[in-house]
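Asker: Have a look at this one before I ask anything.
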Amino acid sequence: MAQLNTNFINHIEKELPAHLSLQEFIAYCDKPLRKSIRVNTLKISTAQFVHIMTSAGWQLSPVPWCADGFWIEGKDDIQLGNAIEHIQGLFYIQEASSMLPPTALFSNDNTAEIVLDVASAPGSKATQIAALMNNSGLLVANEYSASRVKVLHANVLRMGASHTALTHFDGRVYGEYLYESFDAILLDAPCGGEGTVRKDPLALKHWDIDDVTAIGETQKDLIESAFLALKPGGILVYSTCTLSQLENQHICYHLQQTYPDAVEFESLAELFDGADKACTEEGFLHVWPQIYDSEGFFVAKIRKKASVERVKKQPKLQKNFPFNPANEKQKAELTQYFYDSFCLELPSDDVIMLRDDEYWLFPAQFMPFIGKMRFQRIGIKLADAMKKGYKAKHEAVIALSAATHNPAKTMELSAAQAQDFLMGRDIATSTFDQPTQQQLAIMPQGEMLVSYHKVVLGVVKHLGHRLKNNLPRDLVRDNVNLYL
C-alpha cells in the first residue's frame, strides 16, 4: 500500500485540477501498475511481434500515444526480463507514460537528424528515439551516473541502436560545449518521482516541499543548458515523472522568462486521441495516474524561435582523439570480410575508424563533434584485426543484421536451441531436422549467424558436428524463459 504522508496529500490537493478527485488519485496510487512494453522496430515490425506473441498467449492492449507500445494483460506469471524475445532485443520493458516524451519529440513529422537525450539511463527513451530515427543521423545519449552508463550501453547494444554516441557528464555542460548543435533535445529531468508511487509504495513516505524546491533549481539549470545546446528552430521536450508544478510548469515558465523572445510552447492537445484529457492551458501534458491508469508524468514541447546568446565561450578543442579513419585498402578488406562471412553490408554513408587493431563504425554526423567533448562510446565496434583476417564483434552483427533482416548466411534456431545459445551452449547439428542437417553438411565450415524469429542472436563457428557458441561471456544468461 502506498505510503502518502500528510504534507504530500495537502500539497497535491492544491495542485490537482478541479475536475479530478483527490480520493480517486489516492485510490490509483494504491493500484499496481499495468505491465507495459515497447516493440523495438529496429529489429522486428510491430505487426510481426504482435502476431508472434499473441500466438504464445500474450494479451496485448495498445498504448494510445505510442504505436509500438502495449500493455500486457492476463499473464501475471510472465517474467518479461528472462523472455528470449526480451534478451534478443525485440522489446523493451517500459512504463507506458515514459513513452510520451519521445512521441512528443517526433510529433508533427519532426525529422530531427542530430538529437540529444540529456539524462538517458537506463535507455528506454534513448532506444525509443533511436527507433523513431530508424538508426539514422546521430543520437547523443548522456548519463551523469557512471554505473548507469554501463546499463545504458548494454541496452543500446541489445536493441541494435548503432547511430549513438554515449557521454558521461553533468547535463549542465551541454550549452557550453555543444552550443546550438542539436535539432531536437529530450530533457527527462531528474525529479522528485511523485508519479512513481504505483511501482514504489515508499517513494513518497518522506516527501518534503524543501526537496521539491531544491531539485527545481537543478532542473532550471538543466533546461537552460539544453536550450542553449538547441539549434534555432529546434524542439526541446522537457519531461518528468513527478506531479508538482514547481518541477513542471514552473520550470518551463522559468525558461520562458529567461529567453522571452526565443521560447514558444507548442500544444500537445492533439498528440493522440484523448490527449486533451491531460492537457493544460499552456498545451503541456500533466498526466495524473487516474487519467490513463498509468504513472504520473509531465511533458512539455518547446520550440526555439531564435538564437540566444551563449553564456560562455566555446572551450578549446580537445586533443589526442584516439581514432583515425581507415584507409581505402582497410575499408575494402573489412567490407569484403563481413560480406563473405555473414552476407552483411557495411553502410556506405558511415565512417570506418581505426584504434590500434580495433575497427569501429561511426555515424557520419558524429564527425563534426570530434574534439568538442569526451565521448564514452561512439557507434559500434565492428571487428578486431587478427594475424590472419578479422574477428567480428557481437554488437556489429546484431546492429548490421537489424538493417538487413535475416541475411542469407544465417541458420534459424528452434525455441529450445535459441534458449541453449543464450545460455552459452553449443548447438549440436543433430538437433536440427533432417533437411537442415543436409543443408549444414554441404555448407562451408567457419563463422555464420544464428537467428530466432528471423532476428539474429549472434555468431557461431560451424565445425561440422556442432555450431560452436561465440556469444560474449558477459551476455550469457543463467535463466532464459520460453513462451512459445
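Backbone N, Cα and C define each Cβ position, glycine as well.
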Asker: In Swiss-Prot, the residues ALA119, SER120, ALA121, PRO122, GLY123, SER124, LYS125, GLU143, ASP170 are said to bind S-adenosyl-L-methionine. Which of ASP183, ASP188, ASP200 is said to bind at that same site?
Answerer: ASP188
Asker: What Cα-Cα separation, expressed in whole Å, is found between LYS125 (S-adenosyl-L-methionine binding site) and CYS241 (active site, nucleophile)?
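Answerer: With distance taken Cα to Cα, CYS241 (active site, nucleophile) is 13 Å from LYS125 (S-adenosyl-L-methionine binding site).
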Asker: Taking DSSP three-state, what's GLY123 (S-adenosyl-L-methionine binding site) in: helix, strand or coil?
Answerer: coil
Asker: On a simple 10 Å Cβ count over all chains shown, which one of the recorded positions ALA121, GLY123, ASP170, CYS241 is most densely packed?
Answerer: GLY123
Asker: Distance check, please: Cα of ALA121 (S-adenosyl-L-methionine binding site) against Cα of CYS241 (active site, nucleophile), rounded to an integer number of angstrom.
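Answerer: That separation, Cα to Cα, works out to 14 Å.
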Asker: Long-range neighbours only, meaning 6 or more apart in sequence with Cβ under 8 Å: which ones does ALA119 (S-adenosyl-L-methionine binding site) have?
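Answerer: ASN142, GLU143, TYR144, GLY171, LEU187, ASP188, ALA189, PRO190 - these are the non-local Cβ neighbours of ALA119 (S-adenosyl-L-methionine binding site), listed in sequence order.
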